[in-house]
Structure formats: C-alpha cells, structure tokens
Amino acid sequence: MMQDLRLILIIVGAIAIIALLVHGFWTSRKERSSMFRDRPLKRMKSKRDDDSYDDDVEEEEGVGEVRVHRVNHAPGNAQEHDAPRQSPQHQYQPPYASAQPRQPAQQPPEAPAQPQQRPQYGQPSQPQPAQQPAQPVQQPVQQQPVAPQVQSAPQQPVQPAPQQPAPQPAPQTFQPAEPVAEPAPAPEPVVEEAPVAEKPQRKEAVIIMNVAAHHGSELSGEVLLNSIQQAGFKFGDMNIFHRHLSPDGSGPALFSLANMVNPGTFDPEMTGDFSTPGVTIFMQVPSYGDELQNFKLMLQSAQHIADEVGGVVLDDQRRMMTPQKLREYQDRIREVKESNA
C-alpha cells in the first residue's frame, strides 16, 4: 500500500514539474514576442511626437501663412507636399494598429487646417482649395478608429506576474510522507487478552483435629514423644513432626503434628522435660495419594496417641469428635477433589 502511494505521489510530482516548465517556456516566449512588438510602436510614437512638435513650432512662427501663399501660386505643388505627409500616416497605422488608440490625444495638434483659414482675411476666395486637402487629412483620422483591432492589447495582461503562483508547487514537498508513522498499528498485538484464559484457582482445604488432656490436666512430654514416634511421625522441618508415606520417613509428607502451645514447635533436643495441654494434627487437601485414605490414617494416629497419653480426640473447634463431624470432614475432602478434577 505504501509503495502504491509513493508511486502515485512521484507521478503527480513529475506531472506538476513538467507543467511548470511548459508554462514557464510559454510565458517567456510570449513576453519576448510582446517586447518585439512594442519596440516599433515606441519608435513610431517618438517620430509622431517630433512631427507634431515641428508643426506646432511652425504654426507659432507664422509659417502657416507662407504655406498659404504657396498654395495660391501653385496649389498643385501644395497638394503634392501635403500628400506625402499623409501617406506615411496610412503606412504606419495599419501594421501597428495597436498604437492607434493613443493617437486621439495627438490628433488635436494635427488640425493645421484651422490655422490655414487665417489667410482668409486677405484672400477669402483662395483658402478654400487649401482646406480641401486638409479635409482628407481628417477623414483618415476619423477612419483610423476602425483600427480597434488594438484588442490584441489584452494579450499584454499575460505578464510574468501570473508566474508568482508558481511557488505553489512548494506544498508538493510530499508532506504526505509523514504518515510513515503508520507503525502505530503495532499496538494491535494486545497480548492482554491472554489473561482472559485465567485458570480457575485450585481449591484447597485443611483438615484439623486435636489430641488434648482432660480438663484441668496436661500431657507429659516424655510419654507424648514416645507415642508420637510409635505412630510413625518423624521430627523435621519447622521443628514439628511429619507423617510420611513410608514409616521410615521417606516420601512426601501426608500430614503433620504441632504443639498446641504457641509457637507450636518442639525442642530440637527432644528432651522429655516439658508438658503441654495437647497437640494438633492437620492435613492439607489436596495431598499426595488418596486424600480419604490419608484422612483415615490421620484419624488412627490421633486415636493411638490419645490412648497412649490418656487424652481425648477433639475437632477443629476443640469439641469432642463425633461421627457427624467425621462425615463433614470426608465431604469437604470429596468437594475439593471434585472441584480440582
């Protein structure tokens, strides 16, 4: 997708550059042609200004009267002199009609016909033929407006000024390349969904029973230690006794025995010089092997110790153990096994 976008941008940029080059060549060529056209017009304008200036000077100096006398003596010659002056006007105007709109401002000085009428005071009959050639001079001037072909002048508005928009291609700096930041889709791998597959927590339970002395008495430490060892417990971790899978203390621990008095530990030196109100036997479910069989073994060990020390077996609330409480323990064990199955 990015390659297609880049290719399209490159093609569009190339087309824009070519268009700008063609437009530049076309405008420069047009400017040159307009410059060559304007030069002859400027020359014609300067010549006409000079002619009009000479005519004005002659009129002010009274040269007009001399022309009137010449017309009286040789009217044919006067016409010949006037005709060639008119002919260049016809020659210059048609090819460069674009300059004709400026002539109306210069035409008033070309009306020498009026000063020629001044000699009428002395010879009223003779100036008339002199006015006749002056009229054709005005007629072509009136016909000159036919040259409104000057409409070609609107071509001049095609000036280099329109080239100023050329800097507009600057926006074509391919700023769209900025979307290169599209690597943003990387967040798609939302691995957080993995926690959705949370495994159900493993249900656990602790079965507790106690062996305690009768009310108001305590168990002798020496007798208690002997009975614990006979039940297959071995002293071990956390300074308490553990019943392992094998009576010799090998294999995983099935259940444990702790002192009922805080902190619940026994003396590591295993001396019998102590007494205690009782001991606590507990089993964590699930455990190694068959939990129901382990519970039966735990119950047998508690009864054996109680018989040896002259105590009684109590439940987790330190009440007399009853058949209903035993069934409750067994139901709890089965519930844990089924929930973890």
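Each residue, glycine too, has its Cβ placed from N, Cα and C.
Record features, source Swiss-Prot:
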TOPO_DOM  1-6  topological domain 'Periplasmic'
TRANSMEM  7-27  transmembrane segment
TOPO_DOM  28-341  topological domain 'Cytoplasmic'
REGION    42-199  region 'Disordered'
COMPBIAS  51-63  compositional bias 'Acidic residues'
COMPBIAS  85-105  compositional bias 'Low complexity'
COMPBIAS  113-156  compositional bias 'Low complexity'
COMPBIAS  157-170  compositional bias 'Pro residues'
COMPBIAS  171-181  compositional bias 'Low complexity'
Note the mean pLDDT of the topological domain 'Cytoplasmic' (28-341), expressed as a whole number.
-> 68
Would you list the DSSP helix, strand and coil counts for the residues of the topological domain 'Periplasmic' (1-6)?
-> 5 helix, 0 strand, 1 coil
